[in-house]
Structure formats: structure tokens, C-alpha cells
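Trainee: One structure follows; several queries about it will come next.
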Amino acid sequence: LTGVLDDCLCDIESIDDFNTFKIFPKIQKLQERDYFRYYKVNLKRPCPFWADDGHCSIKDCHVEPCPESKIPVGIKAGSSNKYSKAANNSKELEDCEQANKLGAVNSTLSNQSKEAFIDWARYDDSQDHFCELDDERSPDAQYVDLLLNPERYTGYKGPSAWRVWNSIYEENCFKPRSVYRPLNPLAPSRGESFYTWLEGLCLEKRVFYKLISGLHASINLHLCANYLLEETWGKPRWGPNVKEFTRRFDPAETKGEGPRRLKNLYFLYLIELRALSKVAPYFERAVVDLYTGNGHEDAESKALLLDIFRDTKSFHMHFDEKSMFAGDKKGAKSLKEEFRLHFKNISRIMDCVGCDKCRLWGKLQTQGLGTALKILFSEKEIQSLPENSPSKGFQLTRQEIVALVNAFGR
């Protein structure tokens, strides 16, 4: 994959270099820190759009707790309500993974971790957040350790998975009524006329389609990169599946479609990168810390995050979001609102994903992209934040911060 991306003045080689040498090593480290590895999610919300018949037919695709003896202690409680990370024994983590089957979410957390989260939430609340995420207070919402639940191929496919993506593309991607051709890139019989049509859309609607396509490519890539290659004597072996990757992305096997999908993944990267560079002033204020109760670790996490922000600002080919929603005020406002509602709808469709692990990562990446868009559309509010007090104008909850960093990390 080479060359310039459409709708922005950026080439793929520059993104590869910048990501490989600057961003990737740091974002990987950041994702391993306590603040970013625990994500609160409700995996029990019913699908709002159709009867949930596609619920996992895969063996043990539900949440299966590990045996008590195998639970790694995520956060140990010290004497004065401070928390430090225990040295997690990687052998124990592997055993724990095997105790779970493929699609099951490992929901085990130590009691100390649970106490810590109550403390984190209390701190979060005191920060004067103005918007409550729908799931946070639900008794069904639970913390999940993302490091124990990697995104990978779980065997979830077929009509149920197809229906989720179909619904996302067909009902949410601003399709003109005159176009009967399916939007879903996996659907048969798409020709060049599809792209003539796409180019005919206004920039904002093209961007929306590319972001969803990029998200789809991202998820498919992770499944190919971490695929169940064999399972002998109950021991699964995961690794890259080149054949599957070729089937989904090779120009010859996809009628030239594959490289376009990958270009949309780069486009998604650029949008989230831009959001990180724009939100830096929010985190640069002394009043914001990545609170876990462990002062030393919190300071290190914030220093690493600010370091990543410095890198994102140094990138010289950012997407220019000022070209979006720049028409007449009334039209731009209603288009922006339409954009937001379409996106919200997609996040609700994620509740229809039949496999818990796929649902977890689908929800997280959708929320991360939603947070990136929220940042890009809040530039004025971010610039006018007060230095020493929480602001009413623009806030991010811990959930949004965790989702944004992990989605960009993906």
C-alpha cells in the first residue's frame, strides 16, 4: 500500500514511519498501565434492533470466570488506600486464558481492584463531569481487564455477524435513495459505479463512510493477526493467518477493493491522531491527573501521555477538520447533528454482536472514535478551558479517555 490518501494531503509512507518509530512503542506502554487497561462496559444490554437470536453459538462464548487460584491480582491495596500494580505472573495469565474458551470475556478482578475502582469513580465524579455515559451506573456494567481479553478471532461469523455490519453500512452511511447497490464492502457485485457515487457525496458524508470502513478494516485486521490456528489437546495456538488476510484485503481476491479498505484504515488513524493533538491542552492542565490512587504511577502515566501528545503535534500532515461542517451555519449544524445521531446508532448496533469478546472491542473502538469526533468538534471549548478548575464547557470521562487511547492503540 503506497501513495497519497484521498481527502487529505498525506501519504501512507509518512504515516508508517511516524507510527512505527514514534507513536506505536509509547502507546503500547500506555495501554499496559492500570488507568488504561480497565474498561467499564455493559455486555448484557439487549440488542435494540432485532431479536437476539444470533447469540453466541460458539462453545463457552459467555463470561466464564477463572478459578480463584488463577486470578492475577491487578491492584494490591496498601495501608493508606494507595494502590500499586502486582507483578503479574505471565504463566498464570496463560493458564487463565485457557480456562476461558475463545470468545468468553475473562471478568475476574481481585477485591482490591474492585475497591480501587470505587475510589477512582468517586474521584471522577468529583471532577464535575457534565455528561454521564449511559452505561456507567448500570448494575450490569462491569470492569474488564483489556490485557486479559485481547481482540482476536473467536470463531464468531456467519449470518449474525453479517447482519451487524450490514445494518451499520446500510442504515447509517448516508446512502442516497437512488443507490440500490449494497454499501457493505463484503457484499457481492460492487463495481466502480459505487465509487463514482461515493465521490459524489459531500466531504462530511464521505468521511463518515471512510471512518466506518476503516473501523471495519481495523477489526478484520486484528482477527487475521491473532487467529486461532489450531487447538490441540485443548491448547489453542494463536497467530497471523496470512490466507485469511489475503482473502479480505488482496486486490486479486477482492476485485481491487482490499487496498481501498486499508486506505480507509489509514484515514481512521489520521482522524484519531488529529483528535489526540487537539485534546492535548485539556490534559496539559495541572488540574487533570490520571487518577488511580498511586501518585507515582499516575505521574508516570501522565508524563507518557503528554509525551505522546508532543509527538502527535509534531506530525506535519494532519487531516484538516476545518474543511468539515464549514458551509452555511444552519446546514452545517443540522449535518453535524445528523452525523452524531448516526454515530450513536452505530454504537447501539454493537449491542447486537453475539460474541462477548467481539462486542467488548466493538463497543470500545466505537466509543473511542466517537470521543475523537467529539474532540474535533469542540476545538473552541478546549482552547478556552480554565487552567485550575474543572470546566463545564468540555469534559472527558475516564471511560472516554480509556476508549480513545485503546481505540487509537488498535
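In case you wondered, yes, glycine gets a Cβ from its N, Cα and C as well.
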Trainee: Identify which of CYS352, CYS358 is listed by TrEMBL as the disulfide partner of CYS355.
Mentor: CYS358
Trainee: To the nearest Å, how far is the Cα of TRP165 (FAD binding site) from the Cα of CYS355 (active site)?
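Mentor: Cα-Cα distance, TRP165 (FAD binding site) to CYS355 (active site): 14 Å.
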Trainee: For a quick check of understanding: given the listed FAD-binding residues ARG152, THR154, TRP165, SER213, HIS216, ARG248, what is the maximum Cα-Cα distance in angstrom, as an integer?
Mentor: 21
Trainee: For the binding-site residues listed here (THR154, SER213), tell me which residue's CB has the most neighbouring CB atoms inside 10 Å.
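Mentor: Top count of Cβ atoms within 10 Å goes to SER213.
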Trainee: Which residues does ARG152 (FAD binding site) neighbour through Cβ under 8 Å, counting only same-chain ones at least six apart?
Mentor: HIS222, LEU223, ALA225, ASN226, TYR227, LEU228, TRP238, LYS357
